[in-house]
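As structure tokens, the structure follows; a few thoughts come after it.
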Amino acid sequence: MHEGKITQIIGPVVDVDFVDGQLPSIMDALIVERPDGTELVLETQQHLGEERVRTIAMEATEGLVRGMKVVNTKNPIQTPVGENVLGRMLNVVGKPIDGLGEVHATKTYSIHRPSPAFDELSTKAEMFETGIKVIDLLEPYSRGGKTGLFGGAGVGKTVLIMELINNIAKQQSGYSVFAGVGERTREGNDLWEEMKESGVIDKTALVFGQMNEPPGARARVALTALSIAEYFRDEENRDVLLFVDNIFRFTQAGSEVSALLGRMPSAVGYQPTLATEMGALQERIVSTKKGSITSVQAIYVPADDLTDPAPATTFTHLDATTVLSRSIAELGIYPAVDPLDSTSRILDPNIIGRDHYDTAQAVKQILQRYKDLQDIIAILGMDELSDEDKLLVARARKVQRFLSQPFFVAEQFTGLEGKYVRLEDTIKAFKEIIEGRHDSLPENAFYLVGTIEDAIKKAKQLQNA
């Protein structure tokens, strides 16, 4: 057993001396026993000279003093994996935080693992249905792909990710892993209670390192969740869903400790290793010939600036992007997805079919034309438009409102019953609106409804009111 002692503590960064010169390897976990008998895990980050290592603490360092004994485990942080973690809530080091006792797992995985070899990867492109109209029509998600939900503060990223968990976990009987990275503890608790109520919890593992945790935990918790998902993919040959809320906090945690580790800051004060750290995480979230990991990641956009290095670095790894816009949220359209900014790699007639592709392009064209005309409308008013443009604007406004949808997870806020809309119903409805079959209906009828039948029903109610 190789032992060292603490020589310096600066916030979450702890220096440890190993006098025998047998230094732990980079990424090895070290354990400090506190006076109250609890254990604190440190992760080795740097070798400073022949006897000293610099580490990051996975929990708060209150109560640590110089001279305390540190034990080298000679392994990276290990997390329990397998069926026994389903229905449980863990922290970054794989310890349960749900008060339900120990996790009796037969196997553990290191949180740092190599990404699968190139020849093991699967390249099959296939869409999966989410039941959310704007996503299924305009930026379809691919099975085994990576999707990002981009948005500033308070535009609905977490609500959208919770709705996706609700729809996908209920519709598809696969396993899900949820990583709560540096977000609100209240939201994590709401998710836990909601999953227990809906019965989805038995097929879900939750791993949390929330806002109140030190940066060490927030920088590693996504890797812990990923290792659990990799086990189901590689050893049980399953299709797994991985939800991460919020991947920006992973980057933020790295930047918090970067200067303390002696690295020169890069653009906007981020760590110089930003692209490397993001790549190491994202390259593991892939589909192999054994099974797939389909990931949905919420990405906070600082000050609504998509060119900020953190969201910009994440963009390059994604197959589909759903951009949430404050200007659309201000119109009261939820989900506040920007249909013109959002993209998908599989929006291709050879993958999703010609009918779906043509409808999606027609919707984008009509919305783009409406956007171009908005300046003219603002200055001169609607009366100055040609009859053709007036009709186009009327249809575009209906399309815009029909892209909104009542969510199951927001029922208590909206008072409206949540709707899951099948892809064929979505395509049919938008096709009919663009062809002008519903020109006689008021645009209010299209707001916060599910299918086109719901809109027709709402129009009748509005007429009778």
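Glycine is no exception: its Cβ is also placed from the backbone N, Cα and C atoms.
Non-local neighbourhood of Lys157 (ATP binding site): Leu149, Phe150, Gly151, Asp245, Asn246, Ala298, Ile299, Tyr300, Leu324, each in the same chain, at least six residues away, with C-beta under 8 Å from its C-beta. DSSP classifies Lys157 (ATP binding site) as helix under the three-state reduction. What Swiss-Prot lists as ATP binding site is Gly151, Gly152, Ala153, Gly154, Val155, Gly156, Lys157, Thr158.
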In sequence order, what residues of the same chain, 6+ apart, have a Cβ less than 8 Å from the Cβ of Thr158 (ATP binding site)?
-> Glu183, Glu187, Asp245, Ala298
Winner by Cβ contact number (other Cβ atoms within 10 Å) across the binding-site residues Ala153, Val155 = Val155
Among the binding-site residues Gly151, Gly152, Gly154, Gly156, which residue has the largest number of other Cβ atoms within 10 Å of its own Cβ?
-> Gly151
